[in-house]
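Summarising the annotation, TrEMBL assigns active site, phosphoserine intermediate to SER150. Residues annotated as Zn(2+) 2 binding site in TrEMBL: ASP102, ASP392, HIS393, HIS504. Marked as Mg(2+) binding site by TrEMBL: ASP102, ASP201, THR203, GLU344. Under the heading Zn(2+) 1 binding site, TrEMBL lists ASP349, HIS353. The compositional bias 'Basic and acidic residues' annotation in TrEMBL covers 13-22. According to TrEMBL, the feature region 'Disordered' maps to 1-34. The transmembrane segment annotation in TrEMBL covers 49-69.
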Amino acid sequence: MALEEPLLAPRPSSERSSIRYAEEEDALLTGERTPRRESRRGWGFWREVGAFAWAIIATIIVIVLAVVYQHESAKGHHDSRNNWGPGGKPTGKRNLIFMVSDGMGPTSLSMTRSFRQHTEGLPIDDTLILDQHHIGTSRTRSSNSLVTDSAAGATAFSCGFKSYNEAISVLPDHSPCGTVLEAASLAGYKTGLVVTTRLTDATPACFVAHANLRRYEDSIAEQEAGEHPLGRVVDLMMGGGRCHFLPNTTDGSCRGDDRDLVEVASKNGFNYLQDRAGFDSLKGGSEAKLPLLGLFAGGDIPYEVDRRSQNDKYPSLEEMTRTALTTLSEATRDSEQGFFIMIEGSRIDHAGHGNDPVAQVHEVIAYDRAFAAVLEFLEKDSTPGVVVSTSDHETGGLSAARQLHKSYPEYLWLPGELGKAKHSSEYAYAKLKEYISGAGKDDHESKQRAYIRKTLLEEDLGITDATDDEVEILLHPDPQVSSDHVFADMLSRRAQIGWSTHGHSAVDVNIYASSSQDAWPLMGNHENIEIGHFLADYLDLDVAAVTKRLQSSSYWTASGEEAVDQEKYSWLGDPLGSKVRTEGLDTYHGDFRKRSIDECGCGGLH
Ligand SMILES: *[C@@H]1O[C@H](CO)[C@@H](O)[C@H](O)[C@H]1NC(C)=O
Ligand SMILES: [Zn+2]
Ligand SMILES: [Zn+2]
């Protein structure tokens, strides 16, 4: 049978029998004497044995050398990647800049790159600055879903743990986890947050606050203002979200109570800035004094595509970034420790939720500019540092192609159509609402149609071929479909850009860094919590000690008093009991048939 054939090829024949040869080989390998006939051996025999022994020894030497060489070269390779000091830890004074492009997936980059090449007449090898610093990818699932939200995503970065969607730096058992920013602050670093959304929104919140649910933004504002078990932990905050800091007796408040958090922040030392003039008074950071709280919008700062024509009202992400870096650099000039800052391109995510490709390409370009500003800072600043940039997840299931008809699709998408728009769908929708309830309220419908067609579609969005049906649905909207989604879909279809959801998706997202030598642990494909581990490791922080402190600290109330009669973690807010599944994945229960827009109740979450 074939299986019983010898596995090794037969040896070349010699003048001696192969049986004796095999016995001798055994003896050489085992050291045992070969039972052999007592007979005289000739010179030729011993010469052969010697040659054979030498061949074996030589083979062993070659193998040993090869193994040693491989080991050494692997070690050498590792060393060249690991730029960190002895003991595998970074040494010396250093700064860490962590950037989050909320909701930016790989397709956001492709779409924006092509959009920019097309609209600015650049060559096909012209890339974004980010493209030139790509070092890896991140897997984004949370503890209770393959599709994370921003809260669980940012908790992975801030605490280095997986938690459930909606968790603001609390673990699946609803206990608080220490964050890299808190640990940095306790270790003597200056700390900062720069965002384009509300400062109480999930991503910034996860670095400085703890809450069982992201919607407890009033409590998050309190913690940011310094009502925190560890006291004030953040030195610089810039972004939107003023409404959660103003008492509900004030215009522009969205708080549920009449507490004045601006006053609380001021009492805790914050210098408060509330508008563009306040921002400009910082003179790029040279006039800034820490701690600093800059709330430059009631809610979110407008999308870049809309902000650029209101530059006198709102600073850009790049401006805030440059000012914050200068401020923190100056503030740490003579200290032993540098700074940690989290900078977020927050609204890339919102453009994804809105399925608005125009808003998104401008958000990504604005983020790329901020990233370039950080690189420039790192190059010029005398303190070494690193910037790591990643996303918490992708939003929208964006696709740079779209089948519009039943017939087989064309292979293309049309960036020029996005270039015609001057504003976002959000902007056009706000203008439509204002017109319909204000100036145009009593207009004849034909005049209202003309306003929609001329002003909103042609002038603002660059759509010159709207059908009567499209105009009609904007004038008499389907109650289940918000009109900003109609505007966004009109833009997307014309550019042949596809979206699979108004929510998030599970695709891996990119990791970027100023230098793969400094950020070597993040090269390749990683779980998102490893990014959190990197942040703590780079600054050599003991985040676990902060967790211990938060979990064992006396029962804590908003005013900082001990409250022995309260439940231990009541300051984290109601976990909403059994409604929140914090671990394990949901399973199929026929949702595709029964789920309607009314049942979902998930519209407001990002
Ligand atoms: C304002 O806050 C107070 C408590 O601080 C509360 O009783 C009241 O209902 C709030 N009003 C609104 C409109 O939210
Ligand atoms: Zn997000
Ligand atoms: Zn989102």
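Even glycines carry a Cβ here, placed using N, Cα and C.
Feature map: TrEMBL annotations on the structure.
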| residue | record | CB count, 10 Å |
| --- | --- | --- |
| ASP102 | Zn(2+) 2 binding site | 28 |
| SER150 | active site, phosphoserine intermediate | 31 |
| ASP201 | Mg(2+) binding site | 29 |
| THR203 | Mg(2+) binding site | 28 |
| GLU344 | Mg(2+) binding site | 29 |
| ASP349 | Zn(2+) 1 binding site | 31 |
| HIS353 | Zn(2+) 1 binding site | 22 |
| ASP392 | Zn(2+) 2 binding site | 33 |
| HIS393 | Zn(2+) 2 binding site | 29 |
| HIS504 | Zn(2+) 2 binding site | 27 |
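In sequence order, GLY103, THR140, THR148, ASP149, SER150, GLY153, ASP349, SER391, GLU394, THR395, VAL509, HIS606 are the same-chain residues whose CB sits within 8 A of the CB centroid of ASP102, ASP392, HIS393, HIS504, the residues recorded for Zn(2+) 2 being left out. The 6 Å Cβ screen around ligand 3 retains ASP349 from the binding-site residues THR203, ASP349, HIS393, ordered by sequence position. If you check the binding-site residues ASP102, HIS353, HIS393 against GLU344 (Mg(2+) binding site), the ones with a Cα inside 10 Å of its Cα are ASP102.
The binding-site residues near ASP102 (Zn(2+) 2 binding site), taking a 10 angstroms Cα-Cα threshold over the set ASP201, ASP349, HIS353, are ASP349. Rounded to a whole number, the distance between the Cα atoms of ASP392 (Zn(2+) 2 binding site) and SER150 (active site, phosphoserine intermediate) is 6 Å. Proximity to ligand 2 (Cβ under 6 Å from any of its atoms) holds for these recorded positions out of SER150, ASP201, ASP349, HIS504: SER150, ASP349. Within 10 Å of THR203 (Mg(2+) binding site), counting CA to CA, the binding-site residues ASP349, HIS353, ASP392, HIS504 contribute ASP392. Separating the Cα atoms of HIS353 (Zn(2+) 1 binding site) and ASP201 (Mg(2+) binding site) is a whole-number distance of 15 Å.
In the three-state DSSP scheme, ASP201 (Mg(2+) binding site) is classed as coil. Of the recorded residues, ASP349 (Zn(2+) 1 binding site) and ASP392 (Zn(2+) 2 binding site) place their C-alpha atoms 10 Å from one another.
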